[in-house]
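Engineer: The domain 'MacB-like periplasmic core' annotation in TrEMBL covers B:21-252. Per TrEMBL, the feature transmembrane segment maps to B:21-45, B:285-311, B:332-364, B:384-402. What TrEMBL records for B:290-412 is domain 'ABC3 transporter permease C-terminal'.
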Amino acid sequence: MEEKIIEAIGISKSFHDPLTVKVLTDVSFSVNKSEFVSIVGKSGCGKSTLLYILSTMDTSYEGMLLLDGISMKTKNDKELAQVRNEKIGFVFQFHYLLNEFNNLQNVMLPGLKFGKLTSKEVEHHAYEKLKILGIENEALKYPNQLSGGQKQRVAIARALINEPLIIMGDEPTGNLDKHNSDVVFNIFKELAEEYHQTLLIVTHDLDFAKKTNRIITMQDGKIIKTELS
Amino acid sequence: MKIKLIAQIAMALLMARFKQTIVAAFGVTFSITMFITLLSFMGGLNDLLDNLILNRTPHIRLYNEVSPSSIQPISKSEAYPDAYHFIAHVKPKNELPEIRNSEAIIKALREDNNIRGVAPKNTVPIFYHVGEISLTGILDGIDVDAENRLFTFKDYVVDGNSLDLKNTPNSIILGIGAAKKLLVQVGDNIQITTSNGTQFTLKVVGFFQSGMDELDKIQSYVTLATIQKILGKPASYITDIQIKLYDITKAPELTKKYNKLFETDAIDIQTANAQFETGSSVRTLISYAVGITLLIVAGFGIYNILNMMIYEKMDSIAILKATGFSGKDVNAIFITIALTIGLVGGIVGLIFGFGLSAIIGQIPFNTASLPTVKTYPINYNTKFYLIGAVFSLITTYMAGYFQSKKASKIDPVDIIRGK
């Protein structure tokens, strides 16, 4: 039996404004340690909604969510923030770097928030992450001085800084061209294979999905197919 | 560690909007500057006007008023015990306005711990003679040292020296208005007549200007000994005893006590000058109202800037929340921004306020009625600075509070999915 990092049990969610629309119906699945999983589906199938529930940012749902074996249902805002800080790394379609800080500081922010290490140590870790992603030379530049692909790599480094249990991505290559897309994918691949990082990526890029360990296909708020590749 | 991180993020956001931050801080600076200046200036004027009266007025005055006998014969009649009596025919006795046993009273007062000082005084109505006509006047016999110490008498002597009054026998300090009418200089002699006909020649050693024109036309000063000589009375002849207390608020209570104890009339400063308290407090109230209005307006400025900053930084707030900053942290960041603006603006405002009031304090302000005042009066009360500082922090905190609450409630999912 493999260790389950994240487990969804019977998750349902409805939007009530303006009409009640059920976007997720009884979704259950789990992600094991060091697995590279992708969720695919058409626009509006509920895959992003599911990801935000899994990420603990969206708390209005029915069903159970276990992260590292612990239920997220009873935690308050502050505890959930702590969970996101320590256990989950995010990569979004848009990079969301803070322009007021340089790239190194952007990567360091969640680490400083965690507060387990001194700022010197966090800085050292941040440099290491940037080195893994091959952009350590850009550390002292500001986000607006980088290309789109570089920014996304800084965002990945930020997701890695607290050595999370799982990295979640919401269309991380959606804004990138073919070349940068491949670069980002290769980084994910490398993280999964060399560093045994668990990854859960939502995408509508089927080429991208095909290269992952497992593809979960969704349609109309339900999982219709799970295939290993 | 965490505080440092929040401060660091707050500063970065502030610096990103440096110009607006400066404008917001300047709003606070301006309002605090005006608040301090207004209150200092108003406080100075209030003190000046109050001192005009209070410095020259004893806290308690003991005297004998000429009054009819309080027991009229008819009240001794048993026929009408509860009726109102219209018949009053026992007129005031031909009694001197002298305070009986004054030496013993003064001695007792000097031993009282509540009392800062006692100044005995004689007041006599007189006539000044100029050629053919006579001008009415009032002559006060005073203890020069006590007057100087308790009522800053020497500040009001504009020509000559108050001590010459004590050192030169048969000398007088004339009110400046009276001196102008009499056409005399310091060193001249003048003639006076008392109400019972005694004539006397006095040497002018100085002029006196109280600030109240009408008073200066009639009032003059000699020593106690001189007036006793003019009236042909012994050294114990005193018509007024002026008392200064350490604590002015005790005056009404002590007045009642002395009234009974010494069997003289007694009046306290609160009763004699009730209108001054009212004037001062209304002026102070108005200046506070204006000052606090200025601060509230500055608060709205900060409110606006934060509002804009939050709209602009929605993405940043969303990502901070996504990467593990709680609503409380976001709240703290924006409160820090607001308080920084308030603190920096406030401190600069306090300094500017001090500077501006110091400048106003240098502007010449000459008025004939106030001989001791050469520049605009300023009250450098630390209380104003404390109130200014506290209010700048409170208004900026209030402005920051609502906006921070809004920022802390931003749902990252809405922002990130909206892209």
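A Cβ is built for glycine as well, from the same backbone N, Cα and C atoms used for every other residue.
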Engineer: Who are the long-range neighbours of the transmembrane segment (B:332-364) in its own chain, taking Cβ under 8 Å and residues 6 or more past its ends?
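Structural biologist: Same-chain contacts beyond the ends: 6-7, 9-11, 13-14, 21, 24-37, 40-41, 44, 298, 302, 305-306, 309-310, 320, 374-378, 380, 385, 388-389, 392-393, 395-397, 399-401, 403-404, 407-408.
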Engineer: Could you tell me the mean pLDDT the prediction assigns to the domain 'ABC3 transporter permease C-terminal' (B:290-412)?
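Structural biologist: The predicted confidence over the domain 'ABC3 transporter permease C-terminal' (B:290-412), as a mean pLDDT, is 86.
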Engineer: Let me spell it out: take the transmembrane segment (B:285-311), skip the flanking residues so only those 6+ beyond its ends count, and list any with a Cβ under 8 Å from a Cβ in it.
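Structural biologist: Distant contacts of the transmembrane segment (B:285-311): 13, 17, 20-21, 23-24, 27-28, 30-32, 34-35, 38-39, 42-43, 317, 334, 337-338, 341-342, 345, 388, 391-392, 395-396, 398-400, 402-404, 406-407, 410.
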Engineer: List the helix, strand and coil residue totals of the domain 'ABC3 transporter permease C-terminal' (B:290-412) as derived from DSSP.
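Structural biologist: Counting residues by DSSP class gives 94 helix, 2 strand, 27 coil.
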